[in-house]
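Please read the structure below before turning to the comments.
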Amino acid sequence: MGSLYSEYLNPNKVQEHYNYTKETLETQETTSRQVASAFIVILCCAIVVENLLVLIAVARNSKFHSAMYLFLGNLAASDLLAGVAFVANTLLSGSVTLRLTPVQWFAREGSAFITLSASVFSLLAIAIERHVAIAKVKLYGSDKSCRMLLLIGASWLISLVLGGLPILGWNCLGHLEACSTVLPLYAKHYVLCVVTVFSVILLAIVVLYIRIYCVVRSSHADVAGPQTLALLKTVTIVLGVFIVCWLPAFSILLLDYACPVHSCPILYKAHYFFAFATLNSLLNPVIYTWRSRDLRREVLRPLQCWRPGVGVQGRRRDGTPGHHLLPLRSSSSLERGTHMPTSPTFLEGNTVV
């Protein structure tokens, strides 16, 4: 065991593993690879900005401090960190890869696995919350907020453990024949384990949503309101987008486990499949802000403050009132001189989330 960890700082170990899998050619800097890397970095910056706006919106407005929105905020946090991890992964790829020590390589890849795990567990937490709120017709009250926070904390703890297993010892250092082709320092059995865990969780989420739809479509009209259905459609779309974006990457990892080294040339193009998977973190905030009018308004509020020609006090620079700065009040509420109710668009049963 001691000899295993002594290899973690060996500067030649990464190159040895890449030479064995013959992926060294993929580390050469070409014009197309540089363009692709620049595109991924720009894409990840957009991911960080989008999800940061969602987190700010959820944090600053008390009407979003409910179970559903906190779970969506947790998903946004995992997507934001995924954007940061993908940027680091991209900047430390190419020719830089062969200059990394194993511990640096494990940190680079492990961060991506941790954020992916957090996204999967966030989707599971959302599915459980929807099932409790709709199928069981129960709500998260103040007495259950601790349980909700424990669920979020447990998801991150499990993600850290799952993504950190290779650096803790489950790797193929000293056993080249057991190495993955796509991830040359990871053991094939670890890659298979991770994909299996994610697949089982996603299957469980699908089963939960099927049960929810059965309840909604049944005679329980009190839980089948239009706004309940709207939220259910939103989280279902988020799940569908995750599966579509990550299914090619999961398929590549399964093929990696099944193929002997050097026998599947498509494995050397795996970075294209993982680049496609990053779109999931970009699309998630677009989906649930597009589907929720209240959340969309709150997310866009900082951007409206930056619009040229509008002062902070709600007046234009020419001194005329900026009436368009009242997006949170409807025309009817303005006529009555009252504010709109602070309830969000999404409901749990008959109760505001």
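Glycine is treated like the rest: Cβ placed from N, Cα and C.
Curation does not apply to TrEMBL; its annotations are automatic.
Residues or ranges marked as compositional bias 'Low complexity' in TrEMBL: 325-334. TrEMBL lists Cys172-Cys179, Cys259-Cys264 with the feature disulfide bond. Annotation comment: TrEMBL describes 50-288 as domain 'G-protein coupled receptors family 1 profile'. The region 'Disordered' feature in TrEMBL is assigned to 314-353. Annotation comment: TrEMBL describes 35-58, 70-92, 112-128, 149-169, 189-210, 230-250, 270-290 as transmembrane segment.
Here the features listed in TrEMBL are placed on the structure.
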| residue | record | Cβ neighbours (10 Å) |
| --- | --- | --- |
| Cys172 | disulfide bond | 21 |
| Cys179 | disulfide bond | 23 |
| Cys259 | disulfide bond | 16 |
| Cys264 | disulfide bond | 16 |
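At the 8 Å Cβ threshold, with sequence separation of at least 6, the transmembrane segment (270-290) comes into contact with the transmembrane segment (70-92) through 3 or more pairs. The separation of Cys264 (disulfide bond) from Cys179 (disulfide bond), Cα to Cα, is 14 Å. The list of residues near the transmembrane segment (149-169) in space but at least 6 beyond its ends in sequence, with Cβ under 8 angstroms from a Cβ of it, reads 1, 4-5, 8, 70-71, 74, 103, 106-107, 109-118, 121-122, 124-125, 128, 185-187, 190, 194, 197.
Put simply, Cys172 (disulfide bond) is 20 Å from Cys264 (disulfide bond) when counted between their Cα atoms. Long-range contacts of the transmembrane segment (189-210) within its own chain (CB-CB distance under 8 A, at least 6 residues past either end) are made by residues 113, 116-117, 120-121, 123-124, 127-128, 130-131, 162, 165-166, 170-171, 178, 180, 182-183, 232, 235-236, 239, 242-243, 246, 250, 253-254, 256-257. Across the structure, Cys259 (disulfide bond) and Cys172 (disulfide bond) place their CA atoms 16 angstrom apart.
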